[in-house]
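Q: Per TrEMBL, the features are:
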type: ACT_SITE; residues: His707; note: active site, proton donor
type: BINDING; residues: Arg18, Glu19, Leu20, Lys21, Lys126, Asn131, Arg528, Cys529, Trp574, Glu618; note: 5-methyltetrahydropteroyltri-L-glutamate binding site
type: BINDING; residues: Ile444, Gly445, Ser446, Glu497, Asp612; note: L-methionine binding site
type: BINDING; residues: Ile444, Gly445, Ser446, Glu497, Asp612; note: L-homocysteine binding site
type: BINDING; residues: His654, Cys656, Glu678, Cys739; note: Zn(2+) binding site
type: BINDING; residues: His654, Cys656, Glu678, Cys739; note: Zn(2+) 1 binding site
type: DOMAIN; residues: 7-320; note: domain 'Cobalamin-independent methionine synthase MetE N-terminal'
type: DOMAIN; residues: 439-761; note: domain 'Cobalamin-independent methionine synthase MetE C-terminal/archaeal'
Amino acid sequence: MKNISLHIPGFPRIGAQRELKFALEAHWCGETDPVQLAATAATLRARHWAAQRDAGLDFVTVGDFALYDGVANHIQLLGCEPARFAFGASETPLQRYFIMARGRSGRDECGCGSAHSASPALEMTKWFDTNYHYLVPEFTDATEFTVASERLFDEVAEAQALGHAVKVALIGPLTFLWLGKGMDHKLALLERLLPVYGAILARLKAMGVAWVQVDEPILGLDLPAAWRNAFEPTYWQLNQAGTPLLLATYFSPLEENLSLACRLPVAGLHVDGVRAAHELINVADWLPAHKVLSVGIVDGRNIWRTDLDSALSQLAPVLDKRAGALWLSTSCSLLHVPYSLAPESGLDSELNNWLAFALEKLDELALLRAALVTPEDAAVQAALASFRQAIAGRRASKRVHNAAVAARLAALTDEAANRPAPFAERRVLQQIRLNLPAFPTTTIGSFPQTPQIRAARAARRRRELDEVAYAKAMRAEIAHAIGQQELLGLDVLVHGEAERNDMVEYFGEQLDGFAFTANGWVQSYGSRCVKPPVIWGDVSRPAPMTVDWAVYAQGLTERPVKGMLTGPITILQWSFVRDDQPRADTAMQIALAMRDEVADLEAAGIAIVQIDEPALREGLPLRRARHAPYLDWAVRAFRVTAGVAGAATQIHTHMCYAEFNDILPQIAALDADVITIETSRSAMALLEGFGDFQYPNDIGPGVYDIHSPRVPDRREMVALLKKAQAVIPARQLWVNPDCGLKTRGWEETATALRNMVAAARELRQEAA
Ligand SMILES: Nc1nc2c(c(=O)[nH]1)N[C@@H](CNc1ccc(C(=O)N[C@@H](CCC(=O)N[C@@H](CCC(=O)N[C@@H](CCC(=O)O)C(=O)O)C(=O)O)C(=O)O)cc1)CN2
Ligand code: MET
Ligand SMILES: [Zn+2]
């Protein structure tokens with residue numbers, strides 16, 4: 001008899017219609033009180049648990065819900081809110097939570113323009129190699145832990161009251177410490193942390209929680225020895241609580257940590273059956289027979305329907321080795337995929353048939369179990385047959401392949417990846433053409449996406465605004481942005497990106513081989529979501545995508561206006577990608593499409609083209625051994641995009657949201673004429689890195705953090721630029737913010753940029 005249980009590591013929390021987003025923003029604007037916000041949150045949890053139970057899962061997952069971020073929840077659960085916030089008794093836990101997440105004055109998600117003050121939020125950074133951002137815990141030698149929040153226990157009680165069997169998901173102690181910052185020897189805190197985990201586990205046990213999933217995705221990283229060695233004693237201690245623990249790993253193979261993971265004193269192990277498929281048999285062998293093996297066989301990172309036949313043949317030998325007992329799951333939390341395919345009536349029906357979002361993935365798990373337990377059942381056979389047909393249809397589809405794209409890729413020479421002249425020569429020609437002052441000022445591309453802009457786009461979607469009226473409204477926004485920049489005295493202007501819903505989706509909507517969804521939202525951070533396009537076939541560009549807007553903007557001013565493109569790696573990284581060809585091939589197809597856009601912008605007289613690559617670093621594989629091949633093709637894809645530009649055309653790139661010091665040679669190898677780069681997370685370390693490396697081309701280190709509504713003054717920016725000058729020759733320096741300004745308001749933006757231009761002028765005077 002086969003004994004198979006179903007569960008998932010986590011479920012999307014933003015809601016089928018982004019209910020959580022709207023509830024949060026209404027709350028932040030003061031339109032609703034905490035009771036109303038809590039009611040929406042409880043409704044969502046109840047709905048998401050019901051979906052899990054209705055699909056036939058054996059447990060619902062509790063602890064994966066968060067109003068803003070799961071790591072932020074964990075900080076409050078463990079009572080380690082950073083002392084720098086100086087919270088007083090007058091602040092409720094909910095207020096403290098949002099202050100940590102958004103700063104004292106509030107990240108301006110709702111666009112209502114709240115007041116300014118200076119208590120910066122926790123830093124936000126990428127969750128492993130995903131486009132989800134978590135809030136970074138801050139540790140010091142003085143950090144203490146206590147069980148400080150009832151939220152998790154309340155949610156367990158809530159699920160139990162609804163009659164659910166509960167599995168709690170908890171970030172593991174080692175992963176939690178690993179994710180934090182502020183101390184070199186974070187492991188020193190473990191001793192203080194573990195008793196608190198013990199207390200939490202004991203309380204959960206007393207509540208009758210059957211399983212606790214402890215997430216330790218760092219087991220998929222190249223860990224320093226001290227961290228690896230910490231696992232055994234840690235789990236030995238946690239196991240004392242007597243609550244059955246399911247140790248969860250995902251995103252990456254276990255490799256040298258495999259036998260360690262199998263040996264740890266826990267009741268079960270969850271592995272990523274998609275990204276670590278080749279390790280399944282080994283894990284099945286190594287994991288002691290009395291332990292539960294949970295196989296994440298359905299992809300939690302992508303949206304393709306599971307090939308159930310292939311999944312079943314992968315599972316068969318594992319099942320044999322596990323004496324017929326197994327847990328089936330998605331590879332990781334479903335946080336990273338949209339809620340449901342059901343509202344996607346606009347999707348091409350053939351493509352629709354190839355996809356599975358979160359709800360559909362739950363059904364896939366149920367069908368897999370049925371296929372293993374009752375294979376003879378006619379309904380199961382019929383369901384499998386329909387899957388088989390969809391998978392075969394996708395595999396055989398002629399639409400996926402485009403012979404012209406293949407031929408162009410095959411004919412691609414090394415030449416295509418090179419600019420026509422070395423930087424030193426290009427620089428001279430560009431200076432003659434552009435005649436820029438020292439310390440040229442510019443911005444990163446987007447200006448505030450005001451409620452009016454969003455409303456115009458929404459009206460166009462509802463067909464209340466026709467294309468002509470919409471274009472007119474966007475041109476007015478562009479004209480406004482150009483006018484503002486001239487007033488502020490910026491040297492290199494941008495059109496402001498008003499016409500773009502998102503820097504990736506906008507291009508996905510216009511490229512062949514891409515599809516876009518109506519409601520396929522995925523949480524990016526807090527209330528902010530993205531709608532990643534789906535790359536289903538060979539990519540090509542049927543027509544120019546940005547040229548008309550760029551030409552219009554350039555026609556409004558004598559100063560240069562940057563053409564603004566998203567680079568191939570970022571488009572790849574922020575889309576759902578094909579799983580039937582290497583990412584490198586898809587990246588190169590996108591590169592060729594974007595290369596044509598660069599050529600068209602240049603031909604239209606645009607003198608500067610920016611090719612944004614904020615996700616270049618994020619795409620780096622989690623395992624070091626795979627870095628070099630990735631960086632090779634990623635750099636080549638960028639160079640192919642830019643390589644078409646003449647020597648007198650200035651190519652900019654932009655990067656943010658990451659640490660860059662470990663990939664400086666590759667950043668230099670992009671050979672962009674100018675890079676504008678985020679420095680707010682560690683200005684000095686970054687600049688010293690670029691200085692030590694003697695970064696050869698021009699560089700604009702961001703002089704102010706756009707994630708905060710705080711307006712920096714001139715002196716602050718002058719000080720930062722002087723630090724920059726100490727390590728990077730002045731002639732290489734540009735002056736710009738950290739990133740695009742789309743989430744900010746116009747008033748604060750104008751003040752900050754006025755100060756920034758004044759800072760650049762001060763430096764010019766001193767240099768003269
Ligand atoms: N793809 C991607 N990943 C990224 C980034 C990025 O820019 N893009 N940046 C970093 C993350 N930063 C982010 C910053 C802001 C937003 C953001 O503002 N998201 C918006 C949605 C942006 C969007 O697609 N807007 C659309 C649709 C907006 C919408 O919801 N419209 C409403 C109506 C709105 C109205 O009437 O005002 C509707 O359709 O119901 C548009 O402008 O057209 C949001 O959550 O609110 C997301 C990520 C890293 N990862
Ligand atoms: C996340 S990087 C953003 C770059 C883009 N050009 C912007 O300014 O919005
Ligand atoms: Zn950026």
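Cβ atoms here come from the backbone N, Cα and C positions, even for glycine.
What does the local environment look like for each feature on the list?
A: Counting Cβ atoms from all protein chains shown, Lys126 (5-methyltetrahydropteroyltri-L-glutamate binding site) has 16 others lying within 10 Å of its own Cβ. A strand conformation is recorded for Lys126 (5-methyltetrahydropteroyltri-L-glutamate binding site) in the three-state DSSP classification.
Counting every protein chain shown, the Cβ of Asp612 (L-methionine binding site) has 25 other Cβ atoms within 10 Å.
Around Cys656 (Zn(2+) binding site), the same-chain residues at least 6 positions away in sequence with a Cβ under 8 Å from its Cβ are Pro614, Ile677, Glu678, Gly702, Asp738, Cys739. In the three-state DSSP reading, Cys656 (Zn(2+) binding site) counts as coil.
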Q: Measure from each Cβ of the binding-site residues Leu20, Ile444, Gly445, Arg528, Trp574, Cys739 to the atoms of ligand 1 and list the residues where some distance is under 6 Å.
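A: What lies within reach of ligand 1, judged by Cβ under 6 Å, is Arg528, Trp574.
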Q: Name the residues of the same chain, 6+ apart in sequence, whose Cβ is under 8 Å from the Cβ of Leu20 (5-methyltetrahydropteroyltri-L-glutamate binding site)?
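A: For Leu20 (5-methyltetrahydropteroyltri-L-glutamate binding site), the qualifying residues are Arg13, Ile14, Thr40, Ala41, Leu44, Leu67, Ser527.
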Q: Tell me the coarse DSSP state (helix, strand, coil) of Arg528 (5-methyltetrahydropteroyltri-L-glutamate binding site).
A: strand
Q: Tell me which binding-site residues (Leu20, Ile444, Asp612, Cys739) have a Cβ under 6 A from ligand 2; sequence order is fine.
A: Ile444, Asp612, Cys739
Q: From the recorded positions Arg18, Lys126, Trp574, His654, His707, pick the residue whose C-alpha lies nearest to the C-alpha of Gly445 (L-methionine binding site).
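A: For Gly445 (L-methionine binding site), the closest Cα among Arg18, Lys126, Trp574, His654, His707 is found at His654.
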Q: Within 10 angstroms of the C-beta of Glu497 (L-methionine binding site), what count of other C-beta atoms is obtained when all protein chains are considered?
A: 26
Q: Can you tell me which binding-site residues out of Arg18, Lys126, Arg528, Trp574, His654 are within 10 A of Ile444 (L-methionine binding site) by Cα, answering none if there aren't any?
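A: Near Ile444 (L-methionine binding site), where near means Cα within 10 Å, the binding-site residues are His654.
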Q: If you run the three-state DSSP split on Glu497 (L-methionine binding site), which class comes out?
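A: It is coil.
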Q: Considering the recorded positions Arg528, His707, which residue's Cβ sits among the greatest number of other Cβ atoms within 10 Å?
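A: Answer returned by the neighbour count: His707.
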